[in-house]
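Listed in TrEMBL:
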type	residues	note
TRANSMEM	6-28	transmembrane segment
TRANSMEM	40-59	transmembrane segment
TRANSMEM	71-92	transmembrane segment
TRANSMEM	131-151	transmembrane segment
TRANSMEM	363-382	transmembrane segment
TRANSMEM	394-413	transmembrane segment
TRANSMEM	425-447	transmembrane segment
TRANSMEM	485-504	transmembrane segment
Amino acid sequence: MITGDDLYSVMCAMVPLYSAMLAAYASVKWWKVFTPEQCSGVNRFVAVFAVPVLSFHFIAQNNPYEMDAKFILADTLSKAAVLGLLSAWCFFCGGRLEWLITLFSVSTLPNTLVMGIPLLKAMYGEFTQTIMVQLVVLQCIIWYTLLLFLFEYRAAKILIQTRFPGQTASAITRFQIDNDVISLDGRDPLCTDSEVDDNGRIRVRIRRSTSSAAPSSSMGLTPRASNLSSAEIFSINTPHEFGFGLRPVSPRLSGYASSDAYSLQPTPRASNFNEFDIAAVSPPPQGRVFRQPSPSVKMVWESPAEAHGFSVDVYEKDLSFRDCAKIEVREGDAATNQEMPRALVMLKLILTMVGRKLSRNPNTYSSVLGLLWSLISFKWNIGMPSLVKYSIKLISDAGLGMAMFSLGLFMALQPRIIACGAKMAAISMAIRFVAGPVVMSAASVAVGLRGAHLHAAMVQAALPQGIVPFVFAREYGLHPDILSTGVIFGMLVSLPVTLLYYILLGL
């Protein structure tokens, strides 16, 4: 039976977190203490230092040799079941990969590090901190990597469908990616150079529009700061006629949302200046340049002031195969008989991109280093040197509060708390706070969890939306409005929802 003291203990753990978030919200919305640029700096500190050090601190203190196998199995089984059901829906019922990724993110990836550890510890005791840390390790190393794999797979499919429509793509045998290409997410304009050998096999080089490209060009524009947040940006063959002044159709978040929110962007980040680069160069010395008509595309100016709604005729003979353009693919433009390269070729491309993305993410290093240290420390009973220990503790102590403060800044800078509409918000909240706990409870019962462990599993599944899935959704331009609503509105809804679960499960 839940007593008044139990509820008070839970509130003592939760109110300070929400106080930090409210203080940040008020500082921007009402008191005007921080400008958007200053908010970005605060959030950059949280992304690069506070949260990674907080993760390392918790993981390094956790004994990996005493993992709760049943709890981990239940969590893994629930996520695998959701992913399996969504995959079956895509294969057999015509579901889309985009919705598979979004629904998987909303239903299975909660904010375990920031919200889960203090909340579950207050509700069910010290043993839950160890369990939550174990889930954090699995999320960072396995599930977020899998999510990133899905995002890169989708981006690669769009690139191939746009650049090599129809049966052309099946002849691709190799992708060569320049070292400065970190991701296919479309945040930087990408170009492709293709060669076809005597056997009809295509080799594709993927590069940024500014990397090792000949400056000679029939058209040139001065680089300028981009205000695009989620446009699909790829290299294409320029069609015979295209219009200028078309705007992206994807919902856009504020400038803050498209810059930093526990950012996983490379550190240091690439330049904010992009080039519209249309270069005419001579063919490669070996092989021949393969030319394939592209589907119609929309050219997107980087500034609304530059959109005048006029069109020009540009003929393909005037432009080379190495044309670069920022585009958005219209729905339904993909060829009906679209083929893809062999699975091994696609796998190598995606793994290369995922590896580069993870190698530039501070959370990857903090999680792996924390796990390695805990394995060494608890195996041979080696303590961390005091100088290092207290240096880490100093930053990690601020990490939790700064993470919530950063969320408050993010909330204050959004034009709307519910960015995706009331109906979609209600559906996403139902998936997050009802469907997620139901699946987790079924998996927990199936593996034999009972008592406090079962209750903790269900409450953990009802935590608000995780930050990292939203960051990925924003960077790859895939339903960022839904994930943004899940983060912001979910933080407000989660407190009464988790308390309700806690009370009902304690009856």
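Glycine is treated like the rest: Cβ placed from N, Cα and C.
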Original post:
With the transmembrane segment (363-382) as the reference, which stretch in 6-28, 40-59, 71-92, 394-413, 485-504 has the largest tally of C-beta pairs below 8 Å?
Top reply: 40-59
Subject >> Segment proximity, the transmembrane segment (131-151) to the transmembrane segment (40-59), 3 or more C-beta pairs under 8 Å >> reply: yes
Original post:
Quick one: do the transmembrane segment (71-92) and the transmembrane segment (6-28) have at least 3 Cβ pairs under 8 Å, skipping pairs fewer than 6 apart in sequence?
Top reply: no
Original post:
When you scan the chain for residues with a C-beta under 8 Å from the transmembrane segment (394-413), skipping those not six or more beyond its ends, what do you find?
Top reply: 16-18, 20-29, 34, 36, 39, 42-43, 45-46, 49-51, 53-54, 56-58, 113-114, 118, 254, 256-257, 261-262, 467, 487-488, 491
